Amino acid sequence: MIGRISRFMTRFVSRWLPDPLIFAMLLTLLTFVIALWLTPQTPISMVKMWGDGFWNLLAFGMQMALIIVTGHALASSAPVKSLLRTAASAAKTPVQGVMLVTFFGSVACVINWGFGLVVGAMFAREVARRVPGSDYPLLIACAYIGFLTWGGGFSGSMPLLAATPGNPVEHIAGLIPVGDTLFSGFNIFITVALIVVMPFITRMMMPKPSDVVSIDPKLLMEEADFQKQLPKDAPPSERLEESRILTLIIGALGIAYLAMYFSEHGFNITINTVNLMFMIAGLLLHKTPMAYMRAISAAARSTAGILVQFPFYAGIQLMMEHSGLGGLITEFFINVANKDTFPVMTFFSSALINFAVPSGGGHWVIQGPFVIPAAQALGADLGKSVMAIAYGEQWMNMAQPFWALPALAIAGLGVRDIMGYCITALLFSGVIFVIGLTLF
């Protein structure tokens, strides 16, 4: 049954799902029109919101571009390629490859979402290289399906924000400790269930041998060696460019800073620390500054989609927040809920909002001020209410192509190649989220 559903979804998506840039443009227009219809905003005020928000994610866009290029450059170093090859060698058949990539991506995203997105896609590509008969789009989809675990992991935006002083709802409910969110029984159940169950779900998505998509071999070719051999009479400038001493000095600075950071902040991994770790590790493993720069240049081609689309989603987010549309959607679901159904209703409201605001932090700003007071009034569990917002966002990412962009950029595929599999994963993983929110 799962195989038939995934084949239907793949055919449907291939026919109807546009490029992610077109998807973002259509969402912009849809948000604009619905906000005019349901809120007292005027066309002029909506245009101003969109324009004011358009550049609000520049810093975040730069962070995401860096995590792609630094992660890609790190994986193209000889030691990391060797590690990925060793891990990928555990898969002997296409079925084992699919299950291994799903498991690997799920665990990696629990550790850190940025790390999981990038390394999961690279691992999927390595499995495709080593296992003949693999369906490459399915393997990349499996890496992205691992993203289902991120919101309940150590880098989940909402549980961390809810426990951080100064967050948007602290004045309403105080701080909500991670013991009530990340380390709660329901979150452990949901996260472990996703890690264990989803490999078996993706296993059943395997296409028939006659339907396996053949991929251009160029996509699976090993990257060229970025090292440069200098002639004996090379000028001082070139010797400096290929100097290992300079790399070691900068690497030592980065390691020293990271040691101080973790000693002060504990296991608080942010996107900035991931980028710094990727950059320093990549620099050291490529050995010379220019070898690393050549690896970065080869990776930079993958960032085009993110650089163009981030401003559109920034504009959509501000329209959702300032027009009150996000609050209206949240209130609709809250008004039909009681104490027992409140977490599930919050989950579905978050999933709907995620189409327009695919950002964990953005969800907390939009939904937190509505969800937390309602949870208090109904006597619902505050920690579960926070995580319901997070779960809705991470669940609907399977139908929202925005966060698939890093994996697709690394893989050299388009969104239509993987989204049929991802939507199938959305349908079956939803049961796990609802059970966890209802029974615990």
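Cβ from N, Cα, C; glycine included.
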Q. Would Swiss-Prot put ILE418 and ARG7 on one side of the membrane?
A. no
Q | Residue distribution over DSSP helix, strand and coil in the topological domain 'Cytoplasmic' (416-419) | A | 4 helix, 0 strand, 0 coil
Q: Count, for each of 138-158, 352-372, 395-415, the Cβ pairs lying under 8 Å from the transmembrane segment (20-40), and report the range with the highest count.
A: 395-415
Q | Same-chain residue ranges lying at least 6 outside the transmembrane segment (159-179) that approach it to Cβ under 8 Å | A | 151-152, 361, 364-365, 368-369, 372-373, 376, 382-383, 386-387, 390
Q: Determine how many residues of the topological domain 'Periplasmic' (373-394) DSSP places in helix, in strand and in coil.
A: 19 helix, 0 strand, 3 coil
Q.
Within this structure, do the transmembrane segment (420-440) and the transmembrane segment (138-158) have 3 or more Cβ pairs under 8 angstroms, counting pairs 6 or more apart in sequence?
A. yes
